[in-house]
Every structure is written in C-alpha cells, then in structure tokens.
Amino acid sequence: MTQHKLYKNAANYWAKVPATLNGVLGGFGHISDIDIGGSRTFLNHLLTLQDPPNTNIALDCGAGIGRVSKNLLISYFDKVDLVEQDEKFINAAKENIGEDNAKLGTIYHLSLQHFKPEKMYDLIWCQWILGCLNDYDLINFLIRCSKSLTTNGLIIVKENISSSNELDYDEKDYSVTRPYELMLMLFDAACLKIVKTDVQVDFPDEIYSVHMFALKPK
Ligand SMILES: C[S@@+](CC[C@H](N)C(=O)[O-])C[C@H]1O[C@@H](n2cnc3c(N)ncnc32)[C@H](O)[C@@H]1O
C-alpha cells in the first residue's frame, strides 16, 4: 500500500470514530484522568527546571476532541493552538474547550505530515499521534517543530512504546507502535536531545507502556 493510501485509510478510520473520550482513547476513556495526572506531574517538573519554557503559548498536535488542551495545557498556558485533521473532532474540541474561551488560539485543520507551524511555541505537545506518521514524515515534522520553539521551548512526546524490539502495526487505525530504541534514533535524526523522560504509572496492565519525553534542539 502506498503511503498516501495509508494516510487516507487512517483518516477514514478516524472519520468513523465518535467524538468522545472513549472514541479518541480506543475504548479507554476511563484512563484519561490518570493520564492527565501523569502529564501534570511531568510538566510541573519541567517548569521547575533551571531554564524552564515560557508559558505564553502551546500547541497540541493531533489534538482530537481537545482532551489534552482542555484538561492540561489551558491551565498552564495563556494561549493554546490545536492541529487536528478530523473536522468532527475539531468541532468537538471547540465545544469542549468553549469557543469563547480566551485561551483557545488557532485551530489548524491539517494533517501533521503537512503542518508547518506559523508561530513560535513555548511547548509543543504530541500525544498518541506520532504513530500515525511514517519515520520520514515524523523526523521532518519534529524538525519543523524544533525550529518553531521559543527560547527554552520544549517538544513533549507521550506515546505508546512496544515491549519488543519490533514495530507493532495496528491494522485497525493504520498506526504503528515503535520500540524505545527507534524513538531515540528518530529524536536523534531530528537533532533533538532528551531533557527528561518518564513512564506513565497506574495504567492498566493490558495496554502498552506509555513514555513521556521532553525534547529540545541539540
Ligand atoms: C489516539 S487519538 C489522540 C488524540 C489526543 N492527542 C489525545 O491524547 O486525546 C489520535 C488523533 O490523531 C488524529 N490523527 C490521526 N492521524 C493524523 C494525522 N496524520 N495528522 C493529524 N492528526 C491525525 C486523529 O484524528 C485523532 O484525533
């Protein structure tokens, strides 16, 4: 299958998924609060670094229904922009966050492989989305993000990690789960270095291990 067709199939898959917590979390809507709690602890630590990122503006990539923006980013940043390719999710995100919420910034209706940031961001959050990109598009996406960071800005990656050294393909949503070592190679290829990394705790045993990485340009 060509890459174009894979991306199209993935978009078609998400187009049929309901705009709910359970929808975007593949039936695991009930773990959202634990997830947000782990992200909050991680972010709190990053904000106490010697050279912390500013908290003016963040970008939520593959934002879905605005779960991360609404429950996490908006309480830290003055403005939060979102990028998401599915129109129904964008509408749900606007409703969930509140279109009149002064902290809601620009919503980009785009796929990440085509998205080129127009602004500079203090923090770029990528969660449960990078498996939708092939390695080549992911490296280039990370390079574009890296060039769009303000001083001390960070890219956060929060993703499933495969337990083997193999790629796990998901035939339902056309995504891929990468092993830890490959993630490190891709960050390196995008000239990013790890400032901090942690593993999400208290998730159910039956799901992948979820790792958080805070990255900055080398
Ligand atoms: C598993 S959901 C995660 C949503 C959100 N990050 C969260 O944690 O709640 C994956 C999201 O990525 C979006 N998506 C899938 N492929 C994408 C692509 N190539 N570009 C942008 N968004 C994409 C889907 O529409 C969906 O909203």
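Just so it is clear, glycine is given a Cβ too, placed from its N, Cα and C backbone atoms.
According to TrEMBL, the protein carries these features:
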BINDING   G62, R67, L112, Q113, Q127  S-adenosyl-L-methionine binding site
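The structure, with features from TrEMBL marked on it.
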residue	record	Cβ contacts under 8 Å, 6 or more apart
G62	S-adenosyl-L-methionine binding site	V83, E84, Q85, L112, C126, Q127, W128, I129, L130, C132
R67	S-adenosyl-L-methionine binding site	L21, V24, L25, S32, I36, N96
Q113	S-adenosyl-L-methionine binding site	Y7, L133, D137, F141
Cβ neighbours of L112 (S-adenosyl-L-methionine binding site) where a neighbour is any other Cβ within 10 Å: 23
Site diameter for S-adenosyl-L-methionine, Å, by largest Cα distance between G62, R67, L112, Q113, Q127: 21
Assigned element (helix, strand, coil) containing Q127 (S-adenosyl-L-methionine binding site), judged by DSSP: strand
